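In TrEMBL this protein carries:
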- 9-32: transmembrane segment (TRANSMEM)
- 10-444: domain 'Major facilitator superfamily (MFS) profile' (DOMAIN)
- 60-79: transmembrane segment (TRANSMEM)
- 88-107: transmembrane segment (TRANSMEM)
- 113-133: transmembrane segment (TRANSMEM)
- 145-164: transmembrane segment (TRANSMEM)
- 170-192: transmembrane segment (TRANSMEM)
- 255-277: transmembrane segment (TRANSMEM)
- 289-307: transmembrane segment (TRANSMEM)
- 319-341: transmembrane segment (TRANSMEM)
- 353-377: transmembrane segment (TRANSMEM)
- 389-412: transmembrane segment (TRANSMEM)
- 418-440: transmembrane segment (TRANSMEM)
Amino acid sequence: MEQSPSSNYFVYFAVLAVNLISFSAGGSWSWASPVIPKLSSTDPDVNPLPRPTTTFEESWIVALMNLGAVVGPLAAGVFSERFGKKKTLLIMGLPMLASHILCTLALNVHFFLAARFLMGVGVGTVFSVVPGFVGDIAEDRNRGVLGSVLGVTNCAGILLMYTVGPFLSVRIFSFLNLIPLVLFYVVFGFFVPQSPYDVVKAGNHKQAKDILVKLRNRTSVEKELAFIVDTTEAALNEKVGLSTIFQSRGLRKGLIISNGLMVFQQFSGICAVLGYMQSIFDMSGSSIPSIYSAMIIGVVQLLANAASAQIVDAAGRKILLIISHVFSLLSLLSLGAYFYLKLSNYNVDQINWLPITSLVIYMIAFNLGLANMPWVVLSELFPSNVKSIASAITSFFCFFLSFFITMCFPFLSAAIGIAGSFWLFAGVLVCGFVFCVVLVPETKGKSILEIQNILEGNSK
């Protein structure tokens with residue numbers, strides 16, 4: 001007897017299991033927010049280092065994770081082609097484990113610098129490999145919601161850092177960060193199968209069928225298996241490289257769209273906001289203590305991501321991206337206006353609620369679209385034979401931008417002011433709005449063949 005589509009719970013378990021590493025990656029994004037104030041403290045009971053860190057060292061502690069994330073996708077792309085996506089995640093999770101051990105045992109600032117780079121290598125792998133793995137095991141009807149779990153778990157990790165980080169010592173805090181990674185290795189490593197595409201690529205069709213039966217909770221998977229075999233064998237018979245993408249109009253357009261979305265995601269200012277969350281609230285003079293403001297933002301971010309995951313397959317990717325751009329840029333404009341007035345010596349006591357209100361709206365808007373949809377769209381635009389290469393290119397570009405923005409944000413703020421920085425990010429999002437309206441196709445419920453036809457200009 002066939003099972004109903006809603007009863008294939010194992011695929012949801014598999015997606016949650018693989019995203020345990022996304023949870024850990026999310027914590028890495030916001031790790032610096034509660035830790036840096038402690039590392040810069042002169043109190044030996046708070047700071048585990050022999051001396052306070054300098055502003056220059058702090059900027060590198062924040063930014064080196066993003067630099068490591070530039071390296072991660074390049075290694076992950078090579079490993080994915082050779083070992084498959086599951087083994088790649090298990091291999092590339094090791095730098096993340098090492099990073100938290102280094103933070104736990106740190107004797108000087110160089111331990112933290114090395115740890116943050118290793119964190120980034122793992123984080124870059126997560127965002128380049130997890131979307132592809134989830135896309136391989138999902139069906140067309142639930143691909144959007146399953147792809148959005150990465151964003152939800154990422155935000156849950158961010159929230160945890162904001163919630164417990166301010167109240168724990170740096171060493172205990174770093175040690176606790178090992179827990180989700182250990183769970184990932186146990187649950188994902190032992191209970192989740194490989195991607196059926198990777199298994200077919202290795203020539204084991206029977207194992208691929210067994211995996212599909214388990215994922216779909218039904219025995220009649222021959223049609224889907226035949227599709228996987230046909231597309232994988234076609235890919236193996238075709239020599240694939242960078243030239244493959246640039247020679248095809250559809251693949252070329254897909255690369256432009258995926259990388260363009262990453263430009264607007266990163267230039268929305270999210271990395272600067274997350275990395276310097278507590279500092280922004282300290283500067284704002286908000287009546288709410290900065291550590292609690294950061295927690296509020298983390299809760300909002302998680303709830304907005306969860307809402308996005310629930311509505312993505314109903315509302316569609318494109319409309320969520322458009323709404324996200326509009327409200328994100330409006331929030332950044334108001335945040336910039338507050339800091340302009342404050343630093344121009346206007347009395348802002350009557351509007352000291354504006355920074356947290358603006359950031360709450362910004363986080364809701366960003367996480368409804370800009371946070372998740374670029375990764376969801378990336379997992380949908382490319383066929384299996386070029387997915388690893390396209391994901392590596394896009395992830396590399398994304399994290400290069402992230403490193404650049406995070407490293408430059410303090411200097412940008414010094415040059416044009418924090419208000420000017422937020423207005424600059426808002427201006428970029430105006431361009432992003434136009435980009436989404438004109439170029440981004442709607443992919444909800446469509447197969448990879450239908451999406452490629454749209455990109456090739458053969459259908460609408």
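We count from 1, first residue shown onward.
The backbone N, Cα and C atoms fix where each Cβ goes, and this holds for glycine too.
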Distal contacts, the transmembrane segment (170-192) - CB-CB under 8 A, six or more residues away: 13-14, 17-18, 20-21, 23-24, 27, 31, 34-35, 38-39, 47-48, 86, 89-90, 93, 96-97, 100-101, 103-106, 157, 164
Contact set, same chain, for the transmembrane segment (289-307): CB under 8 Å, 6 or more residues outside the stretch: 30, 33-34, 148, 151-152, 154-156, 158-159, 161-163, 166, 277-279, 281-282, 355-356, 359-360, 363-368, 371-372
Beyond the flanks of the transmembrane segment (9-32) by at least 6 residues, Cβ under 8 Å: 61-62, 65, 89, 93, 96, 99, 116, 119-120, 122-123, 126-127, 130, 133-134, 137-139, 142, 146, 149-150, 152-158, 160-162, 165, 177, 180-181, 183-184, 187-188, 191-193, 214-217, 271, 274-275, 277, 294, 298
Stretch of maximal Cβ-Cβ contact with the transmembrane segment (88-107) [cut-off: under 8 Å; candidates 113-133, 145-164, 319-341, 353-377, 389-412]: 113-133
Top partner of the transmembrane segment (60-79) among 319-341, 353-377, 389-412, 418-440 - counted as Cβ pairs under 8 Å: 389-412
Remote residues contacting the transmembrane segment (353-377) - C-beta distance under 8 A, at least 6 residues beyond either end: 127, 131, 143-144, 147-148, 150-151, 154-155, 257-258, 261-262, 264-265, 268, 270, 273, 280-281, 284, 286-288, 293, 296-297, 300-301, 304-305, 307-309, 312, 317, 320-328, 330-332, 334-335, 338, 398, 440, 443
Contact call for the transmembrane segment (389-412) against the transmembrane segment (113-133), three or more Cβ pairs under 8 Å: yes
Chain residues outside the transmembrane segment (145-164) and at least six past its termini with a C-beta under 8 angstroms from it: 11-12, 15-16, 19-20, 22-31, 33-34, 126-127, 130-131, 134-135, 137-138, 173, 176, 180, 274, 277, 291, 294-295, 297-299, 301-302, 304-306, 308-310, 312-313, 367, 371-372, 375-376, 379-380
